[in-house]
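Trainee: Let me give you the structure first, and then I'll get to my questions.
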């Protein structure tokens, strides 16, 4: 074993141990280490006294401040909802027209509606509510189930093809897959449907096909989409004559809708959002549409 | 490699591998259509490959008794190379998932390549694959040098190293297939856990056997830390993974703990994995390689003592700070927080003990990138332990919890501390192992250093910013008393930081690639000459250990 020696650089003695060339100095522990140990320990001691700390038998030390995270959260939530109560009550009780005419209340609707929509609806309808393939644009003014506030509120409450007992049910049949129409008829009626919103089809090479499709449409589709193909808000059948499409307005998307059918699913929000939140969302969505260019 | 084993050892190797093949076969048969069978067959294939290898070298001449006068470094060499391979794989997957967070389509619609499956490959790959192999390899080196005793035999270290890697491979392939028990850092299922427990206990016994034969009266600090690492990881692993398989033919098991007890056990484990795997083990590395490289004595033996006992004692209590504001009783949260605060003092004592050791060697730090790796590691160790104690405080935690700040904190520790000390140690170790004076290229070490440092800084600053912005957005209210932002708003705000993070990760990965190349080139230029001074006892034969 090596003997103690003095390190020329620091002036301290070594401990006399050596491992494969590694030595250790016997430097005393600097005082700050003890000071900080004492400080952190004192802090902990005080904290233990004030807050819930060590267990004793089947209970625990409650702490002098009597703080408890559960009651603290409950209390905070109570206070937060009390601070919202004033305006919340006005939105809850006023009818839609009154609220929409009141710029103050509409300011609140926009402010609270945006994060509500972002957290609950944007995953499907997009942050701007303009939708995407399979999910309708909510700002277009072209509604499946009607654009009156009561209609939209009802859609939010019960959902579409949802688990709610009173859900709105919508069913676009799989005419091609289920053999109700032949391949040619599907192609023809697809051309016809496209021609309703795109005039160039009736004058182009598909004019004949579109004309044949009109007959198919009159026999198979009018029941739901109506004779003028304007749709029906009582069964959620879309207007096929406008520029707004859920599943796409190009020929192959239209054809896919007719061939394979469509059953969009929109959850029911009754159990997940309060009446107030759903009312705010209804107003918010309508407001987005009203302000959309 | 087989030539290094005695005949008895070759026979035990055959028996072990035969047993492993049978165990694998049993899993494969019992598993039937279950994913368990895939791992059974994987084990069979590995065991058969091993058997074939042992048999092909079985009749080579036995090693000469002269070997006993030298240290046994072959497993260390293999461990270093394996560690670097895992580093590249783990960092690559890490950067991939970082880009997935920027461009979700980079999952290419595969189930195996989804974020949820790749993320544990990244974490296990870097922590267990890279970190674990580096710890095992360096511990074999350090335990022999600091005790002046050769490893007690030739087969146990190989069993530990290769058995451990079998565990890592089972873990990683399992995640790809969706086998997980959903406990962070303890995802592998029951059969992998049993295997790791066997390997790990063997590792601990190997350590004790070497220690028992030491020719130094005192046990060096590095070995205290390695021992704490091995012992406590065994305890943590066994307790947290207590589970009941739904049948012996199924990969799925359920933890014996449930509800908040399960959460508490998991985070007692999780936090102590940070303590004993990612801190104690790597402090072992630091305490050995830093003074050797700096050529300076450890600044203070007494500081080593108080930091060792402070760290080992206080970490054990701190895990509940991961569960602030949850269903966990508040008194448990209080204990977690206060012990985390007290833990700061021994942690900083350790970091300053390392930095003060450099007094008198700062010019070397300037000139030698290897030593600079270790220095920066000690600094990041100080930063991340401060940050950890800070984030454990309830008020801070209410802002930082569930945000990217946590990710930033982890990576300040993982990249800045764990990976830097490992790279430094490997650069110090590789030339020694292959009997060279220096690495193949000092300039590439320098390049690696700057890539690693800049990658870490970019990563950590991106996540600090992103985490704090996230935390503030989640808690900001409008005047009306409702939330100002939706969750998606906060994601949109994160986007630029996610790009920065992925770039930082890429720099770090590039550094590791440079390092791997440099190590391979060093090995290729290795000389056959032996350094006669690097032996248990100078000039004399060592007492036989077998």
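Including glycine, each Cβ sits where the backbone N, Cα and C put it.
Because TrEMBL annotations are produced automatically, they should be read as predictions rather than curated entries.
Just lifted these from TrEMBL, have a look:
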BINDING   B:122, B:411  heme b 1; low-spin binding site
BINDING   B:271, B:321, B:322  Cu cation binding site
BINDING   B:409  heme b 2; high-spin binding site
DOMAIN    B:13-546  domain 'Cytochrome oxidase subunit I profile'
TRANSMEM  B:12-32  transmembrane segment
TRANSMEM  B:38-59  transmembrane segment
TRANSMEM  B:80-101  transmembrane segment
TRANSMEM  B:121-143  transmembrane segment
TRANSMEM  B:155-178  transmembrane segment
TRANSMEM  B:190-212  transmembrane segment
TRANSMEM  B:224-248  transmembrane segment
TRANSMEM  B:301-318  transmembrane segment
TRANSMEM  B:370-393  transmembrane segment
TRANSMEM  B:405-430  transmembrane segment
TRANSMEM  B:450-477  transmembrane segment
TRANSMEM  B:497-520  transmembrane segment
Trainee: Do at least three CB pairs under 8 A connect the transmembrane segment (B:405-430) and the transmembrane segment (B:80-101), leaving out pairs fewer than 6 apart in sequence?
Mentor: yes
Trainee: Select the range from B:12-32, B:121-143, B:155-178, B:370-393, B:405-430 that forms the most Cβ-Cβ pairs under 8 Å with the transmembrane segment (B:38-59).
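Mentor: It is B:12-32 that shares the most Cβ pairs under 8 Å with the transmembrane segment (B:38-59).
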Trainee: Taking B:271, B:321, B:322, B:409, B:411 as the binding-site residues to compare, which has the smallest set of other Cβ atoms within 10 Å?
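Mentor: Counting other Cβ atoms within 10 Å of each of the binding-site residues B:271, B:321, B:322, B:409, B:411 gives the minimum at B:409.
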Trainee: Quick test of understanding: given the binding-site residues B:271, B:321, B:322, B:409, B:411, name the ones whose C-beta is under 8 angstroms from chain A.
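Mentor: Answer, by Cβ distance to chain A: none.
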Trainee: Taking 8 Å from the centroid of the Cβ atoms of B:271, B:321, B:322 as the cut-off, which other residues in that chain fall inside it around the Cu cation site?
Mentor: B:267, B:270, B:318, B:319, B:320, B:323, B:336, B:340, B:392
Trainee: Within the same chain, where does the transmembrane segment (B:224-248) have neighbours whose Cβ lies under 8 angstroms from its own Cβ atoms, ignoring anything closer than 6 residues to its ends? I mean 6 or more beyond.
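Mentor: Same-chain contacts beyond the ends: 30, 135, 139, 142-143, 181, 183, 186, 189-191, 193, 196-197, 200-201, 203-204, 207, 211, 254-257, 265-266, 268-269, 272-273, 275-277, 280-281, 283-284, 287, 308, 312.
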Trainee: Same chain only, sequence gap of 6 or more: which residues have a CB within under 8 Å of the CB of residue B:122 (heme b 1; low-spin binding site)?
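Mentor: Correct list: B:90, B:91, B:93, B:94, B:96, B:97.
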Trainee: Which whole-number mean pLDDT does the model give the domain 'Cytochrome oxidase subunit I profile' (B:13-546)?
Mentor: 95
Trainee: May I ask for the distance between residue B:271 (Cu cation binding site) and residue B:411 (heme b 1; low-spin binding site), taken between their Cα atoms and rounded to an integer number of Å?
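Mentor: Cα of residue B:271 (Cu cation binding site) to Cα of residue B:411 (heme b 1; low-spin binding site) measures 15 Å after rounding.
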Trainee: State, in range form, which of B:12-32, B:121-143, B:155-178, B:301-318 has the highest count of Cβ pairs under 8 Å to the transmembrane segment (B:405-430).
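Mentor: Checked against B:12-32, B:121-143, B:155-178, B:301-318; highest Cβ contact count belongs to B:121-143.
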Trainee: Using C-alpha atoms only, work out the spacing between residue B:321 (Cu cation binding site) and residue B:411 (heme b 1; low-spin binding site) and round it to an integer in Å.
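Mentor: With the alpha carbons as reference points, the distance is 18 Å.
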Trainee: Rounded to a whole angstrom, what is the C-alpha distance between residue B:411 (heme b 1; low-spin binding site) and residue B:322 (Cu cation binding site)?
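Mentor: That separation, Cα to Cα, works out to 17 Å.
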